[in-house]
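Undergrad: Below is one structure. I have some questions about it.
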Amino acid sequence: MTTNLIWILYRSDSDTAYKETLNCKKIIEGYGKKVLFSEISNETNNINQLFLKSEVLPEITIVLGGDGTVLRAARYLSPKNIPILSFNVGGNLGFLTHDRQILKQETFWERVSNNRFNIQKRMMLEATVFREKNNNENTIKKSFFALNDFYLRSCTDEIAPTCSLALEIDGEAVDRYKGDGLIFSTPTGSTAYSMAAGGPIIHPSLDAIIVSAICPMSLASRPIVVPPESQLVIKPIRGMKQKIKLWLDGSSGCLIEAEDTCLIKKSNHSTSIIILDENHSYYKTITQKLHWASSLNNPNKQ
């Protein structure tokens, strides 16, 4: 990492994130680094402009926002293997972000300028939507990457929002789901939508794919964890009047029509997450974020 270039991406709807961006830029430039920055949101993608402006890739990218901002940034930065250092500025839970107060510490900036930090590799998923043609050949309709999850849900407003989906894993029929949809999650995303749907929490150092049904009509439809090399194929059950949409990390993907097939698998790309704490504990993170064991950490609480 000797390019002396650092990017900053900030949450577009946060004045605080923009002000923090200007402060960070000033400090980083004081260490002899060049800084380029841009806003990021669901509606606008200015990251490609940074790629065009930069003759070299950045050493790291600082992301100022919440987990959603990090997820959006990861889709563009991970294929280039650019490490992400994120801070919770205007976000919510912040499983992927550091406390923004760290930005005020002079020792922090010295560590960043000298590349004194750890990097965690986080598994990503890839989804490819195929369209079946009359000659039974499939053509690629769309491809997407996600750090947290993909999910398929009904997008019909006129009738009850349920959908019927068939799932195959490695060529073997597994289940036919009827309900609000299906979630396909990484271990990083296991504390997001999948957890809300009753899925297990998986340590992010593991590679696995979690399949969780959203409000299934059958009590037999339970979450399942499959190996990372699994090939998961999802097809709308034909003959049903339904419109289904693929979502990635909470952002709109594309419509899945009756003649479409969606293949979900582990991506060849991974997200590089910078961890500043040398004694970082994932269990401490989820205990704090999910308020577990509060009576153990606070002996005065009964």
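Using the three backbone atoms N, Cα and C, a Cβ is placed for every residue, glycine included.
So Swiss-Prot lists these for the protein:
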ACT_SITE  Asp67  active site, proton acceptor
BINDING   Asp67, Gly68, Arg72, Asn148, Asp149, Lys178, Asp180  NAD(+) binding site
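I would like each feature placed in context: is it buried or exposed, what are its neighbours, and how far apart are things?
TA: Following the DSSP three-state reduction, the secondary structure of Asp67 (active site, proton acceptor) is helix.
All protein chains shown were included, and the count of other CB atoms within 10 Å of the CB of Asp67 (active site, proton acceptor) stands at 25.
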Undergrad: Check the binding-site residues Asp149, Asp180 for other C-beta atoms within 10 angstroms of each C-beta and report the one with the most.
TA: Asp149
Undergrad: Report the same-chain neighbours of Lys178 (NAD(+) binding site): residues 6+ apart in sequence with Cβ closer than 8 Å to its Cβ, ordered by sequence.
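TA: In sequence order, the residues whose Cβ lies under 8 Å from that of Lys178 (NAD(+) binding site) (at least 6 apart) are Thr162, Cys163, Ser164, Leu165, Pro216, Met217, Ser218.
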Undergrad: How many whole Å apart are the CA atoms of Asn148 (NAD(+) binding site) and Asp67 (active site, proton acceptor)?
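TA: With distance taken Cα to Cα, Asp67 (active site, proton acceptor) is 10 Å from Asn148 (NAD(+) binding site).
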Undergrad: When you look at Asp67, Gly68, Arg72, Asn148, Asp149, Lys178, Asp180, which the record names as binding NAD(+), what is the longest CA to CA distance in angstrom?
TA: 30
